[in-house]
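Just below is one structure, and these are the notes that go with it.
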């Protein structure tokens, strides 16, 4: 009897999945055909379209400055990192180098790299970093430590932006000539990542003098990576390194480590220092080669995307303002997918080189943007290494789950300021918090429910799918406000979608997100059944 019920349930799920997949195929077929038509009809009105190389008749969307700069510098970056990696990897076995020795090698290599990027502005980076080092050493064992560390780092985070990296002339006219040697890349943009590393060093040094609550034995018994004989990132992060590793040379090496310096991913000081001593063993040479090949395939996908669909050019040019609600939805959805793939490629490129050099860092974008149906899952899988940093150095010190409703406002405000000093980013942060709070309350209530019967489980699953559709809609709105239309466009966006033409689009969008959420549930079911 029970077996028959299970078989009937599985048969119903299979039929449901078939219908959902058919809807998804039709949805993407429509999105693709409509996007091609939009890009073709409006190409002459869009900014930053350049002659393409894949299709002779198609232009290439180069409107995103970050992607344009990264794509254009891939050849020189690859050459530089190949030479630097070869030098570092040959030095380790030849001289029998451990943590301090490798830190000096990488520090020397990285300073050459920084000198090319920032010229004499490297002095600013090293001066602020040295000041932070000595503050940490002085205040680490005092009750004022957290206050001093955060005030110092937020002060320079803001000042660097306000004064645009400072001018040497402010220190005297005799130094003004140095402004002619500022390098090829603005140092205060990269320094945002250095700020995160300085805070990580400070807290890891501070906690090294306290009793650790991390139970390594219990963790190893539960972690499938550690059980296999490897070391997971959490173990590397929570396990405090030897006191000798908190030296000035290893600290500076950590801050300016060349493969991760420009864009991350972000790694904690403990995890970095422990791998300087013993290179990562989680990825074999074959694994790293396959990782690189997958990156090349993803890069080709991005080239196809920018040659066929001009989503970002629509957003940059402001042409979306004259489009129909349906086309606005398509452009907004396309921009989010473009952003995901852009960051996916940038972060995996630098992680690939770090792996070659023996340092494993957390994977950013471990999950596709179209496979996240709640806020928490989205932020854990968008900038995953940053999320780990925020949890360790902000969320837990602020009180963790006991003060979640308060800490989310502080954390997202910091994230917005860390990205840039813009009102639209603060609007994005606060909108995200507004959408986050109902989800947290509903999730807490759902966890308290006792769902037992099949009908209750069915209702709960349907309610969860509807909640997922609402969440995805909120994420789209928050990101459109933060990265496309700005806070001034919120009223316009609402009026556009609540109009006679907009309401059917809003309903279709919600239905599509509901279907997408149900498909994600089926994907999760398959993953749970795997051993």
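The backbone N, Cα and C atoms fix where each Cβ goes, and this holds for glycine too.
Within the listed segments 144-163, 164-183, TrEMBL records transmembrane segment for the stretch 144-163. Per TrEMBL, the range carrying the annotation transmembrane segment out of 248-272, 348-372, 373-397 is 248-272. Looking at 17-37, 248-272, 293-310, 402-419, the range that has the most CB pairs within less than 8 A of the transmembrane segment (505-523) turns out to be 17-37. By the Cβ criterion (distance under 8 Å, sequence gap of 6 or more), the transmembrane segment (322-345) is counted as touching the transmembrane segment (463-485), at least 3 such pairs being found.
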